[in-house]
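*Asks:* Mind having a look at this structure? Questions to follow.
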Amino acid sequence: MGGVEDDEPASKRMKLSSEELRRLSNGSTIKEPVAGSSRDLMARPLQSEGGEEVVGSKGVIKKVEFVRIIAKALYSLGYIKSGAHLEEESGIPLHSSVVNVFMRQILEGNWDESVVTLRNIGLTDERTVKSASFLILEQKLFELLDEEKAMDALNTLRTEIAPLGVNDSRVRELSSYIVSPSYCSPTRSPKQDTVRARSRSKLLEELQKLLPATVMVPEGRLEHLVEQALVLQRDACMFHNSLDKEMSLYSDHQCGRDQIPSQALQILQAHTDEVWFLQFSHNGKYLASSSNDQSAIIWEVYETGVSLKHKLSGHQKPLSSVSWSPDDRQLLTCGAEEVVRRWDVSSGECLHVYEKTGLGMVSCGWSPDGKWIFSGLNDKSICMWELDGKELECWKGQRTLKISDLEITGDGKQIISICRETAILLLDREAKVERFIEEDQTITSFSLSRDSRFLLINLLNQEIHLWNIEGDPKLVSKYRGHKRTRFIIRSCFGGLEQAFIASGSEDSLVYIWHRGTGELIETLPGHSGAVNCVSWNPANPHMLASASDDRTIRIWGLNNLSTKRKEPCSNGIHYCNGVY
């Protein structure tokens, strides 16, 4: 059976020891088959002394399942004797006798017998039986082709595989394998048996995925349960913000507030008027800020602190926003209804000025490939330019407002802007399709998540709304507590995996919420004026920056961080463990 003729020399049959069989079947025990045909074997319920006995303090873990999963894990880890001893001592076998016979037949290549045994396992779903039979007979076909028995392989396809009525496209593909001579090995490899054994072991893994867990415990089930428990603990942790991803099985996971940046480590004082906007670069190595003093500043970020790199001058009006190029080598600065300037980050040189006669720019942004820039104009249109200033496209009409943010999704397809006081436009520039987020209150600003799936919207009524913008936009969460009555206040995503929401506030505080629960977890005092904008370092979850009407930028870090500068700080006040 199994594609090996009875009169073939014995040397052509695979010979595997009992120990090899155990390893090839992912370590599970395979007992010797009982005498007689596998047709006489019937599935029996797994026996245990405890029956439906449970373990654990909650009474939800069935002892039989628990022991079987542990045994499976022991075999998978290579502890064959320990696994066998657990089966023997507990009286709970990992597999029934008929399943053990089935597994041995697979590994020995007894294909026809294994198909018969499969039906005796006691499966109630005929589709599962046919799908499993298909996998077995497919392996049989390939081994026949490997032995250059094309006619036998064709017969298997016609009389055994095709009648199952499973996966017709795969059946056609298998027929092409038979026709193509490239699938018929002209010579036998010296390692043929080893390769075949591995292939059969892989087949057994596929069958384990297909058959019910009550019949064959899935591979890695215990590991999956433990990982799931760790992830749930981590996600439930309100303050999880650590770059150290190690978690112990010895105790429940819990982080303290010390993982949230809440200590002002540095105060930057280079601006001479209100600081309206700031943003970290994608790689976290730079910070750019813009001010009512008509200047922008590029700051360099070190492990030990932040220092001034370039002060950018040339705008004739206050600067409303900045935008980093995808590679962080260039920076856009936008004047309040004036022009957009493109700067070289390394030299501080202005590379180009984007302007339109009679119109002022109100926002700016980059395409993800860095080849084009976008800008909102005060006539409510949005335009796209090549880097050299050539206008490529302009979307006229009610596309933006005089005071509006502008974002482009990571795939470059959608442009996002505030198009009406209570609505945000999601413009698919390729498909020319427009979607809208409608709010009941006036929208003052918004921020796009790093994965372009979520939008954070600040409203006039002192609420921040989180929207999922995949497909039809859906309101996910609301954050409350900060103060906003007169000014534009900006918020941001941040922390490890952007698990937190931070926002400025008119009461001079920085507010931090847990993104998932919406719970306010921290308020940071220190500024003496309204906090207009915040930015969380994307490369360092322990660094947060805030910009204020008090003309300063504060760099927030961990309470236990001891900061020592490589060079004297000449652009502001520097803290070491919270002390001047």
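Any Cβ shown, glycine's included, is placed from N, Cα and C.
As annotated by TrEMBL, region 'Disordered' applies to 1-36. Look at TrEMBL and you will find 105-152 tagged as domain 'CTLH'. Residues or ranges marked as repeat 'WD' by TrEMBL: 268-301, 312-353, 524-566.
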*Asks:* So, by DSSP, how many helix, strand and coil residues make up the repeat 'WD' (524-566)?
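*Replies:* The repeat 'WD' (524-566) comes out at 0 helix, 17 strand, 26 coil.
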*Asks:* Would you kindly list the residues that approach the repeat 'WD' (312-353) from elsewhere in its chain, counting only those six or more residues past its ends and only Cβ-Cβ distances under 8 Å?
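*Replies:* Sequence-remote neighbours of the repeat 'WD' (312-353) are 273, 276-279, 281-283, 285-286, 288-298, 360-366, 368-370, 373, 375, 378, 387-389, 402-403, 405.
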*Asks:* So, by DSSP, how many helix, strand and coil residues make up the domain 'CTLH' (105-152)?
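*Replies:* So the counts come to 38 helix, 0 strand, 10 coil.
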*Asks:* So, by DSSP, how many helix, strand and coil residues make up the repeat 'WD' (268-301)?
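*Replies:* Within the repeat 'WD' (268-301) the tally stands at 0 helix, 19 strand, 15 coil.
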*Asks:* If I take every residue in the repeat 'WD' (524-566) and average their pLDDT values, what number comes out?
*Replies:* 88
